[in-house]
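Peer 1: First the structure, which I've put down as structure tokens, then a few questions once you've had a look.
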2 protein chains.
Amino acid sequence: MTTLADCRALDAQDPLRALRDQFTIPEGVLYLDGNSLGVMPKAAPARIAEVVTKEWGEGLIRSWNTASWFDLPQRLGDKVARLIGATPGEVVCTDSTSVNLYKVLFAALSQQKDSGRKLVISERSNFPTDLYIAESLCRERGFTLKLIDASELQGPDSVLTEEVAVLMLTHVNYRTGAMHDMKAVTAAAHAVGALTVWDLAHSAGAVPVALNDSNADYAIGCGYKYLNGGPGAPAFAWVHTKHAGEFEQPLSGWWGHAAPFEFTPHYRPAPGVGRYLCGTQPIIALAGLECGLDTVLAAESFNGDHGAMSALRAKSLALTDMFIRLVEERCAGHGLSLVTPREHEQRGSQVCLSREEGAYAIVQALIARGVIGDYRAGDSQMPDILRFGFTPLYIGFEDVWNSVEHLVQVLETAEWKREEFNRKNAVT
Amino acid sequence: MTTLADCRALDAQDPLRALRDQFTIPEGVLYLDGNSLGVMPKAAPARIAEVVTKEWGEGLIRSWNTASWFDLPQRLGDKVARLIGATPGEVVCTDSTSVNLYKVLFAALSQQKDSGRKLVISERSNFPTDLYIAESLCRERGFTLKLIDASELQGPDSVLTEEVAVLMLTHVNYRTGAMHDMKAVTAAAHAVGALTVWDLAHSAGAVPVALNDSNADYAIGCGYKYLNGGPGAPAFAWVHTKHAGEFEQPLSGWWGHAAPFEFTPHYRPAPGVGRYLCGTQPIIALAGLECGLDTVLAAESFNGDHGAMSALRAKSLALTDMFIRLVEERCAGHGLSLVTPREHEQRGSQVCLSREEGAYAIVQALIARGVIGDYRAGDSQMPDILRFGFTPLYIGFEDVWNSVEHLVQVLETAEWKREEFNRKNAVT
């Protein structure tokens, strides 16, 4: 049996332990929800205050030049590039994940519009907003959205056929934590002539991503989860350079113009990913995002030339392995099932458990104890989920022990049943 | 001749004078560029710091509930509504101006898609990003964008015919400060069966706007100019309730879903303008916008039931009248021409001057003196412009005097010629 002492020993040996000091973690909170909203970097309040009082307050309009606001989306994009296997100049930080998905899916569909291909494939369990964006775009542009299970991508009856225009997947599933093999799936899609669109919302800052090595076509991702950019931080978009110069930008705003300060009446897109900028971006929010990006990039110093994500990945897997082991050792007989794959190469940086009843109440009881994970409701095809994210930057092995200890106590006492009772009898 | 003493006397009598105390105006700066980026409200640094350290840092994911993040875009929208002649529930604060324009123009074109009408009319001198968005959308959706001069909207040869699907105008022109009669133009458009899309970037917080009284169809506007929301603050969108329930949202993201927390795989738009939310919004930036909105709404207390803009408008016109008068009295013979209309009902809250040569250098010389206006380059159809915005919340009559005093000195000395020399001989 694993012990608290074992976990403490792992923390003591953890070369990344000091990275945790970059964050302000609230007293009494054990935060396993960095996959929903990352923790605040200690540097963020001062940097944001500087942007507010100095750049806005004192610099005013002059800060477009003196504080280089115009370069910000690409400068931050270059930092994101280091985390997702991209090259500087290939990424911009801008708008929301959903808006960026609209841009890249629009572009991919435009590239396929004369191909005769009519199918867009995605997973039934993909994050809903991705499906909503795809649903509208497919309807408007004459494509059919087909929702599948991940297993249908493989084998002789694979849904990947020459009818497929675009394969749009989230790299790490938000509900299950299951991760696709980006390189293999991209190759399979390309083999039938389909383009790939990857959502990296639960990947960027969480697992190694190799966009160029995978020869992916388009990707977008989120700034406020594992990148710790703050609530609603700008998202990012990436396009493979093989499409540069030809991909479309439906949201053809001034910031993506080839010569934005000429104020010409006709749109001429900037070369490369710069065209994915549209309107004026929230400068203060971008400052928060940069603080978050820097906390992840700080891991680079622990791993020589292999990048931040290589070092972080080893710890992430050790944390999720430990969580799985402790749940199995200590919560047996309580009706929990493991939803997240055991195989390392198929796992993101989270662990999801299911339970036939009480999942919501158990999560609420944990939150009441300061152990913040989250709950995702199931449906006829998917069970209710208890979801626990493990951000290796600030979560340690003793945290894993403590979270399972709380889970054991919630399950062994009537605590979650009281939550369930309160919920069912709530006066609304 | 008007004197400095006259201006001081006007300030002394100004009932709105105290509103200026809401702002931090940098030492040595005379800021006539609030139409580009509004001045920082004194309340903003503390409020933003609170959102960063308390709501993000301590509350973390719990702040969606405890800090009501989900309600923020509509709660702020209700504040904007009070400034643009709309009703609470009709406005959301979200995304950028350009992205919002895409949404509303998309919706208007969708409503007209079976009408046989193929023309979208806008002004040649409209803000370029508006034209870029319209250009792409028209091409994608089978419409033709026709650019006109404002004068072509009137008379027997008016371009408003039964071929027109949408009339898309910026209410106050960004270059000239000329303002359309929204009610009359909307009526003329409706008379031929066209829908109207209004950009209020230079109107919201600058001039009274009466969207519902004008029976307009769609409107969008900017949060960081006269609304003082901070650099790149979220923009806003409004839709007339007559279109509610039927207008389209191409950017069909989770936040605009009728039941966003059910995580259902199919998109079902929220009723009303709520569907114009798409992805997760920058919460910290929205906090800055609220501080800015509150500075404008503070003018409500000076004007009983007539709203903030009625009081502010009287002062704005007095300021721009004074600037025009002083320029004419004191800068005669220096080759300046007035571009902005003299007629009050055709003027926004800015004054633009043109000059055959040296406009850029004169603006640079003024900026070097701390008098911040801006320059907009001309072309074969439009002259170079010196642009001066007068935000009545924080600009006074003595400021107007001083800005003209500086202009006189720049013109009467060789100062601007030195700037011109430096520019022409710059080593780049």
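A Cβ is built for glycine as well, from the same backbone N, Cα and C atoms used for every other residue.
In case it helps, TrEMBL gives these features for our protein:
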- A:T97, A:S98, A:F127, A:P128, A:T129, A:D130, A:T170, A:D199, A:H202, A:Y224, A:W254, A:T280: pyridoxal 5'-phosphate binding site (BINDING)
- A:78-298: domain 'Aminotransferase class V' (DOMAIN)
- A:K225: N6-(pyridoxal phosphate)lysine (MOD_RES)
Peer 1: Given a 10 Å Cβ-Cβ cut-off, pick out the one of the binding-site residues A:T97, A:T129, A:T170 that has the most other Cβ atoms nearby.
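Peer 2: Output for this query is A:T97.
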Peer 1: Who sits close to A:H202 (pyridoxal 5'-phosphate binding site): which same-chain residues at least 6 apart have their Cβ under 8 Å from its Cβ?
Peer 2: A:N35, A:T170, A:H171, A:V172, A:N173, A:Y174, A:G177, A:K225, A:Y226, A:G348, A:S349, A:Q350
Peer 1: Checking interface proximity: list the recorded positions among A:T97, A:T170, A:H202, A:K225 whose CB sits under 8 Å from a chain B CB, in sequence order.
Peer 2: A:T97
Peer 1: Rounded to whole angstrom, what's the largest C-alpha distance between any two of A:T97, A:S98, A:F127, A:P128, A:T129, A:D130, A:T170, A:D199, A:H202, A:Y224, A:W254, A:T280, listed as binding pyridoxal 5'-phosphate?
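Peer 2: The pyridoxal 5'-phosphate-binding residues span at most 30 Å between Cα atoms.
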Peer 1: Including all protein chains displayed, how many Cβ atoms other than that of A:W254 (pyridoxal 5'-phosphate binding site) lie within 10 Å of its Cβ?
Peer 2: 23
Peer 1: If you draw a 10 Å sphere around the Cβ of A:F127 (pyridoxal 5'-phosphate binding site), how many other Cβ atoms fall inside it, taking every protein chain shown into account?
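Peer 2: The answer is 22 other Cβ atoms.
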Peer 1: What three-state secondary structure does DSSP assign to A:K225 (N6-(pyridoxal phosphate)lysine)?
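Peer 2: Where A:K225 (N6-(pyridoxal phosphate)lysine) sits, the three-state DSSP reduction gives coil.
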